[in-house]
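Annotated features in TrEMBL:
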COMPBIAS  B:667-677  compositional bias 'Basic residues'
DOMAIN    B:31-482  domain 'Cation/H+ exchanger transmembrane'
REGION    B:654-677  region 'Disordered'
TRANSMEM  B:21-38  transmembrane segment
TRANSMEM  B:50-67  transmembrane segment
TRANSMEM  B:129-146  transmembrane segment
TRANSMEM  B:158-183  transmembrane segment
TRANSMEM  B:195-218  transmembrane segment
TRANSMEM  B:273-299  transmembrane segment
TRANSMEM  B:311-340  transmembrane segment
TRANSMEM  B:361-382  transmembrane segment
TRANSMEM  B:388-407  transmembrane segment
TRANSMEM  B:459-478  transmembrane segment
Protein chains: 2
Amino acid sequence: LDNIVTEKKAEESHRQDSADLLVFILLLTLTILTIWLFKHRRFRFLHETGLAMIYGLLVGVVLRYAIHVPSDMNNVTLSCNVNASPATLLVNVSGKFYEYTLKGEISANDVDDIQDNEMLRKVTFDPEVFFNILLPPIIFHAGYSLKQRHFFRNLGSILAYAFVGTVVSCFIIGLFMYGCVMLMKQIGHMGGDFFFTDCLFFGAIVSATDPVTVLAIFNELQVDADLYALLFGESVLNDAVAVVLSSSIVAYQPEGDNTHTFEAMAMLKSFGIFLGVFSGSFALGVATGVVTALISFNFTKLRDFPLLETALFFLMSWSTFLLAEACGFTGVVAVLFCGMTQAHYTFNNLSPESQDRTKQLFELLNFLAENFIFSYMGLTLFTFHNHVFNPIFIVGAFLAVFLGRAANIYPLSFLLNLGRRNKISSNFQHMMMFAGLRGAMTFALSIRDTATYARQMMFSTTLLVVFFTVWICGGGTTQMLSCQKIRSCFLVCCRLKYSGLFNASCLMMDFLCVRLQIGPDGVERRSTKHESAWFFRIWYNFDHNYLKPILTHSGPPLNATLPACCGPLARCLTSPQAYENEEQLKDSDSDLILNDGDITLSYGDVTVSTDAAGAHTSGTPVGGVAVNSDEALDRELAFGDHELVIRGTRLVLPMDDSEPPLPLDSHRHRHKNETMS
Amino acid sequence: LDNIVTEKKAEESHRQDSADLLVFILLLTLTILTIWLFKHRRFRFLHETGLAMIYGLLVGVVLRYAIHVPSDMNNVTLSCNVNASPATLLVNVSGKFYEYTLKGEISANDVDDIQDNEMLRKVTFDPEVFFNILLPPIIFHAGYSLKQRHFFRNLGSILAYAFVGTVVSCFIIGLFMYGCVMLMKQIGHMGGDFFFTDCLFFGAIVSATDPVTVLAIFNELQVDADLYALLFGESVLNDAVAVVLSSSIVAYQPEGDNTHTFEAMAMLKSFGIFLGVFSGSFALGVATGVVTALISFNFTKLRDFPLLETALFFLMSWSTFLLAEACGFTGVVAVLFCGMTQAHYTFNNLSPESQDRTKQLFELLNFLAENFIFSYMGLTLFTFHNHVFNPIFIVGAFLAVFLGRAANIYPLSFLLNLGRRNKISSNFQHMMMFAGLRGAMTFALSIRDTATYARQMMFSTTLLVVFFTVWICGGGTTQMLSCQKIRSCFLVCCRLKYSGLFNASCLMMDFLCVRLQIGPDGVERRSTKHESAWFFRIWYNFDHNYLKPILTHSGPPLNATLPACCGPLARCLTSPQAYENEEQLKDSDSDLILNDGDITLSYGDVTVSTDAAGAHTSGTPVGGVAVNSDEALDRELAFGDHELVIRGTRLVLPMDDSEPPLPLDSHRHRHKNETMS
C-alpha cells in the first residue's frame, strides 16, 4: 500500500511538472502570435523579447496572487539531523530504502516558506538549466551567424571593446557599487554581508551586453554595416569575457583567516584562472570546430545524406559544450568559438541542403531559448521568493551601469580612433552607448547563485536593469537612430512610403541609397586595402593560404600557396576539388553575395564598379602558381561593399529578420521588373 | 568552508554528468559515421539502430569491466530513520538546511551496491527520460509521416491488427508466460513473486512492434506499398495500444486482502481505464492538431515568417504531450494522433519552407532520439545492475513472442481476407510475421519500472528479445523478401547491377517494373472504387467535404458541399483561397505526387493511363455546385497508383531512406536523359 502511495505521489508530481511546463509553452505560443501581429502591423517599439517579458510578468502576477493551492500535507518535509550533506542520501522508512538526491542548500528563514510556496517553487527552474540547456544554443547561434566580413574588418576594435572594455566596465561598476555599499552600511540600509568581491562580481555580470533587440531593428532598418558589426561582435565576445571574469572573481580565495582582504597571490591566481579558462575554452571550441571541418572535408560522400550531415554537425557542436564542461572550462565560451569556426570552415564543406538545415535548426533553437529566458525573467520577478529590493542599491546600480558603459565606449573609441583610418564617429559612439542592453547572459549569471543576501540583492537589481534596458533602450532604438542621424536608408524611405508614393519613391530611394553608399565609400575602400589592421592582414593571409585549403573545399590548392619544398605534403592535403574550383575560386562567404549579374540587372544604370570586381573574379590567374593573397583580400574587401549594396536592396520589404537574403531579393527583382516594364 | 566543499562536490558531479553525456554523444557520432560508411558501401545487413546497439554494448562492456573508479568516500550515503518518504526532504546539518528530492525506492540488497557502482549508476538515466523526452519526437514523427494514401486505404485492416491483434497477442503471451512461470515455480527456479498480472503486463509490453529496421529496407527496396502501409500503420498504432494496455493492466487493483485474484469489477475498471485513457488521449491529440490547423488557417500572414510558423508548430505539438500528461492521459498516444492531424490538415496551411523545416526538424529529432535509445539499450545490458536472466523464462518468452505474433497475424488476416477484395496474400502474412521486431517502445515500457523481481526479469528478457529481433529479423529482411518472392523491383535490378550492366539494364528493369506494377494493378484498381471499406468512404467524404475546407486552404469551397440552407455559414467559413483553388483543386497529398508531365517525360513510351488521370484533374467541374466527392475519391485512388509508379522510379538510386522524392527523381531524370541522349 505504501508503494502505491509513493507511486501516486510521483504521478501527481509529474502531472504538476507537465502543467507548469505547459504554462511556459503556452506563453511562448502567445508571444509568437503577438510577434506575428507586430511584424504584420510593422510595430517596432517592442521587440519579441520585451514582449515575452511582459507576458511573463503577467503570468507571474497571476501565479503569485491569484492562485492559491492548498498546502498538501503529504508533502510536508521532515528534518533529520545528520553530520554531513552527501550528494545521495538513503532514507530508511520502516525497512524500505528510499534514495534522495541533493538539490541545494536552503537559507534558514526559507525553511518555513517551503510549505507555503510549493507551487511557486515548482515553476522555478534549476538555474543550471539556463547554463546547460538554454544558453548554449543562443551563444552558438551568435557565433554561427557572426560570419561577416565586417566582423573581421573591425576585429581589432571589437576585441578592444570586448576585452579591455568589459574589464574596465567591470571594475568601474565594482568600485562605484562598493561606494554605494559603504554608504548603505553607514546609514544602516544593509541587511547582510556585501564584500568588495561581491561588487566586482556584480560588475562582471552586468557588463555582458546583449543587444538582440537593437540588432533586430538595425537589421530591419539597414543601419551602417560597420556599426552593426561593432555592436554584434562586441556583445557576443563580451558575454564570453563576462562569464569567465565572473567565475575568476568567485575563485578569488585569499588564504588566511579573513577571506575578504586583498592578497596579491590570490589576485594573480584569479588572473591566471581567467587566462587559463578563457584560452582553454577557446582552444577547445576551435579544436572541435576544426575536427568537424576535417570530418566533413574527408567524408565527402556524407553530402549525399543531409540528415546524417546535420546530425553530425549538431552532435559535434554539442560535444564541444560537454567536453569543455567535463574538462572544467566554460562550455558557453567554447560553444561560441566552436560556432565561429564551424561558420568559417565546416559550413563550406556542407551540402547546400545541410547549410540550410543547420542554419534553420539553430535559428529555431535560438529563438525558442531566447524567448523562453525572457519570459522566465518576467515570471521570476513575481515568483522568486527571496527578492531584496534596495532603493539605494538600485539607483546606484543604474548609475554604475551607465558610467561603466561610458567608461568602456568613449575612452576606448578615442584610443581606437587614433589608430583607425575609418574613424568611429561620435554618433556611432552614442549609439553604442545607448545599445548596451543587458539580457540573457546577465540574467543567467545572476540567477545562478542566489544563496546569500548579497547575491539576492544583485539578482533583484539585475532583473530591473534588464527590464529597463530592454524596454526603454530597445524600444527607443528607432528614435535614437534618427536623433543621431545615423545613415539608414530606411528612415527616408519610410517617410516617403507613408506619403503614398510607395513604389516609385522607394525605388528611387533605393537607387539613391545605393549611389550614396557605394559611390564614395565603395570607391574609397577599394583603394584602401592598407587601411585594415595589420594583424587582420596577417591572419587573413594565413587563413586564406593554409587553413581554408586544408579544412574546406574552397580556397586555392595548397601547392600554390606553400613553398616549393612542401610540394608532396601539399599534394597530399589538397582535395581534387580545389583544383577544379581553382578557376572559379568561390569564397567562403559567397553565400552572402549575389552574382554580379543580379546587381547589374536590378540597377541597370548604377553599374558602379561591379564589373571591376566581376572581371577580377573571372580574371584569377589559372596557372597553379600565383594565387596572390593580397589580390584575394582586395577582392574580398570589394565584395564586402557588394554585400552592403545588396543589403541596401532589402530596405522596404516587409520586415523580416530571419529570411535568407536570396529569395527576398529575387522577389524584389521580380517586383522591380514588373514596375519598370 | 563547508559551503565551498558543497560547491566543489556539485561542480565535480556536474563535470561527471557532462562526461557521461559526452560518451553518448560520441557514441552517436560514431554511429553516424559508420552508417554513412554502410550507406556508401550499400551494406544492408545491419541497420543503424542495430549498429547503435552494438556500439552501446561495447561501451557498456568497457564501463563495466575496464574502468574502475575508486569509491569516493565523500559520496558515502547515510541512513536516517524517518517514518515517511516525502517528495522533498530537509536535512539539518549543523544548523544549515539542505534540500533533497526523492529519486526512488531501492531494494534492500542494492543498498550495499550503491557505493560500488557510483559510476555505472551515473550513466543510468531516469527511465522517465525515455517517456518524456525521447519517445515523443519518435512517435510524433511516425504520425507526421503516416500521411499516406495507402494507410487510409488499408485503415480497416490496420485498425484490426493494431487493436484486436495487440490485445490477442498480449493475452496469448500472458497466458503462455503464466504457464512458464508455473513451471518455474514447480522446479524452484523462481526467486520472487510473479503474478498473472505481471505476465499480462509482459504480454502488453512485448506486443508493441517497431519495424523501423524493416521499413527502412522496404523503403530502399521499394517493396509493395500496401504491405508497407500495413506494417507501418500497425506498428505505429500498436505502440499506442500497448502503452495504454500496459497502464490499464497496472491499474488492475482488486479490493480485498488478496490483490492478485480475479475480480470482475476491477477488470471492468481496467477496461474502462483503457477506453477512457485511449479515447481521451486520442481526442486531445486531434484537438490540438485541429487548433494548430485553425491558427495556421486564420493567421495566413504567418506564412511570411517561416521561423515563427515552425516555432508555433513545434510548440503546439509539444503542448499536446504536456497537456495530455497534465490531464492524466498518455502523452505519447496524444502526440501520435496530433502528428497525424498535423500532417493531414496543418501541413497544407504551412508555407512550403515551413513544410520542409518541420519535416526536417522532426526527422532530425527522430533520428537522434531513436539512435540514442538503441545505443542506450546496448549499454544497459552491461551497466544495469539488477539483471535477472532466467533461461526458462527467456526461452519461454521467445516462444511466446513468436506465438503471440502468429496469433495476431494469421487468424486476423484470414478474417480480414473474407472482407477484403484485395487479399493479404500468404507471403505478405509471413513477411508481417517476420517483421514483428520489438524496439524503442518495448524497451521504454520495460525499463520504466524495475523495482520488483518480476519486473527485473521482464526487463532483462525484453532486452534480449529486442536484440534478437533487431539483429536477426532486421538483418534478414532482404533474404526474407526474396525468399517470399515479394515483388520488389530492386532485387532483380540489384543482380543485374552487379553483373556489370548497371545503367542500361536498370533502366530496362525500371521500365519493366513500371509496366508490371501499373499494368495489371493500375487498371484493376481504377475500376474498384467500391472495394474500399465502407467506413473509409464515409470518413473520406466527410473529411473531403467538410473538414478539409474548414481547416485547410485546399479542398472545395464549403458552400459547394454543404446543403443550401447552410449557405451563410459556409460563406463565412470558406477562405477566399478556396475559390481560387477551386479550379486547380490541389489535393492535400499532392506533395507526394509528381506531375503527369514528369511521368510522360521519363517513360516516353509507357504512357500507361496517366493521361486518363491527368484529364480527370483538369476536368473537374468548375461551377460551384457539383464537386462530387465520389469523383474526388476516384481520382485519389487513381493518384495512389501514380505514387506507386513514382516510387518505382527510385529503385536503383543510392540508398536513401530520408530523401524527399522530388529532388531524387529530378536527379534521376537528368541521369536518364544523359544516358538516353
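Every residue, even glycine, has its Cβ placed from backbone N, Cα and C.
A TrEMBL annotation is a machine prediction, not a hand-curated record.
For the transmembrane segment (B:21-38), the residues of the chain that approach it from at least six positions outside its boundaries are 44, 46, 48, 51-52, 55-56, 59, 123, 368, 371-372, 375-376, judged by C-beta separation under 8 angstroms. Of the Cβ pairs linking the transmembrane segment (B:195-218) with the transmembrane segment (B:388-407) and spaced 6 or more residues apart, 3 or more are under 8 Å, so the two regions touch.
Taking pairs at least six residues apart, the transmembrane segment (B:129-146) and the transmembrane segment (B:459-478) share fewer than three Cβ pairs below 8 Å and do not count as touching.
Highlighted: of the candidate stretches B:50-67, B:311-340, B:459-478, B:311-340 has the greatest count of Cβ pairs under 8 Å to the transmembrane segment (B:273-299). Within the chain, the transmembrane segment (B:158-183) has long-range Cβ neighbours (under 8 A, six or more residues past its boundaries) at 151, 190, 194, 196, 199-204, 206-208, 229-230, 233-234, 236-238, 240-242, 245, 392-393, 396-397, 399-401, 403-405, 407-409, 411-412, 415-416. Counting only same-chain residues 6+ beyond the ends of the transmembrane segment (B:311-340), those with a CB under 8 A from a CB of the stretch are 131-132, 135-136, 139-144, 146-147, 236-237, 239-240, 243-244, 247, 277-278, 280-282, 284-286, 288-289, 291-292, 295-296, 302, 346, 350, 354, 358, 361.
Cβ atoms under 8 Å from those of the transmembrane segment (B:459-478) belong to residues 44-47, 49-50, 53, 202, 205-206, 213-214, 217-218, 221, 374, 377, 380-381, 384, 387-390, 393-394, 397-398, 401, 434-439, 442-443, 446-447, 450, 491 of the same chain, restricted to positions at least 6 beyond its ends.
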